[in-house]
Amino acid sequence: MLGPVTISRPLLKGSRLARTSTLLRLLSSAPPSSPDSPTTTHFGSKTVPTTEKEKMVGHVFSSVASKYDIMNDVMSLGIHRLWKHHFINKLDPGMRRNSKQPLEFIDVAGGSGDIAFGILDYANEIHQDRVSKMDIVDINADMLKEGEKRAYELGRYYQDPRVRFMVQNGEKLEKIESNSKDIYTVSFGIRNFTNIQAGLNTAYRVLKPGGLFYCLEFSKIDNQLMDWGYQQWAKVLPVMGSVIADDFDSYQYLVESIERFPDQETFKSMIEKAGFKSVGYENLTSGVCAIHWGVKV
Amino acid sequence: MTTMRALLTRRRHPVLRIQRRSIMLSTWATLAAGPSLVNYLFGNDTRMANAMDAGELHNKNDDYELQRRERVDSRLSQLRNSRPRTPRYEGNIPLYKHEKLLLFLISGIQSYFHPENGLNIVKLGEATAIAPFLNHLQQIMLQDPTGRRILRDKPFVHTSILHMDKLSKLPENTFGYTFYKWCKRENVGPDTRAPVKYIDDPTHAFIFRRYRQCHDFYHALVDMPIIIEGEITVKALEAANLGVPMAALGTIFAPWRLKHVQRERLFDTYIPWALKSGWNAKPFINVYWEELLEKDVNDLRRELGIKLPPDLRNVRKERASLIKQLKAPYSPKP
């Protein structure tokens, strides 16, 4: 062993990245394919105590918060923008003109705000809805800060009474009342939950009857050729992250978290188990990611 | 003849469209059934039909959960086996040769345009730390009793071990106090060095880490500030003394980014001084800096064979004040 881990120079940029690698390296490697026991869960390729996973995921996102958009662009070669565009268009959010009550949106694990602001913009443009409210919720305060910064740079939704930025754990959402939301969206966030079923149950609690659960997440690829292509890309990505951004561990975690996430049908049955009805899914780019939805009856 | 003509001019029977289509379909089906690219790309339905036929689909005896987990595990293990060899120490990321080349090219370009970002220099250093260089350093260390002790003890430079507050209380002529004063002047600390990642052999990784962590000691020893000129000077010193490839690259290429005056200073005074001092001095890698903190700094310099260069900060300050004087409007003395 080479002794205690170092903290990188405060003068250097990228010290946050070193902090992540530092933390991830503190773990000892465990044998693979250990099932989820009540006390341990998986974090990337490592098996870690359940209580630790939240913190570690937090550190991954703290370190990449400022470069989250670039990282998404690199990982999906820019296609994530198309996916999110389709996600919002399919949802068609917005209070209709004959409606009396504004809609209540909640975007979970959406710290960077791209879906949240996209929904509000769409509602504004297409349905002339300027009164619906949005709660942007994320477990990581750094990501929320990025979201607030983006709102400020956009020139809208910053210090807007309609939009609330809150640090909340998606599995509990303590500050959100039950039966209070019309639409619950989660985009590329639910795979980071320690307990996905708990997240789905909380979504059920938080939604009003008639509310919609709407989730965009990586999933199982149908097409064998594209699957092979994706696997090669996933092998190369952590090294590229390491060489260019000096962050091997974050990309390795992200690639493995995608692999661990259940496939379309399994996730559909998990959503049904939480109590949602009319659960369905749509594959995007032949299964690279999938939109799942469910209605609380 | 007439039969010939009759045959040649025979009108074709109109083939029904649906019969025509079935020929195409059967062609596609044949192509799809056997091993072919078409089957690979589009043959999902055929594959499912074959599986259904063989009784593999919707088989109540299959443990789907186990199959799913096994599939996920095999894919995960493939992802984890992307490295050429297992990591040999905490934080090691082994690279293939083409990846190392890519690291060298990318960090080289990044370091040229942004040398102030320490991460770029760190990556370039590890990419260029080739085995002959590290073996050479290892030999130098093994041939010296202090070097051998360093290799055995594997000291780690960190404030918790160095205790900067204790150094501030040492007499002013000691190396420890010089180092403390230099750190305060330049506003840096000793625990600011990134860990080694891309060097696979643990001993080589330690030697490179030791080199990286002692960089500040070299700065304090020759009293060079951390501005770009000072860094280039110390890099030249390290290149001459230890033969570090990245230091040599930096000495050759980095001055070209500077202003003319800085370049002149470097080429006339500081780089020649650094090269001469480095060549003639004892190898710095064999110096156990932690044990010499209470030693008189001038004694240490004499023993190592170093003579101080002109103080870079003073030289720059003098030139700045001279220029200021020349720029000031002429006012005759009363």
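Every residue gets a Cβ built from N, Cα and C, even glycine.
Of the candidate ranges B:21-42, B:219-240, TrEMBL annotates residues B:21-42 with the feature transmembrane segment. Summary for the binding-site residues B:HIS215, B:HIS219: the Cβ-based neighbour count within 10 Å is maximal at B:HIS219. Excluding the listed site residues B:HIS215, B:ASP216, B:HIS219, B:GLU231, the same chain places B:PHE217, B:TYR218, B:MET224, B:ILE226, B:GLY230, B:VAL234 with Cβ atoms within 8 Å of the centre of the Zn(2+) site Cβ atoms. For B:GLU231 (Zn(2+) binding site), the count of additional Cβ atoms within 10 Å of its Cβ stands at 19 [all protein chains shown]. Sequence-distant neighbours of B:ASP216 (Zn(2+) binding site): residues of the same chain at least 6 apart with a C-beta under 8 Å from its C-beta are B:PHE179, B:TRP182, B:CYS183, B:VAL188, B:PRO190.
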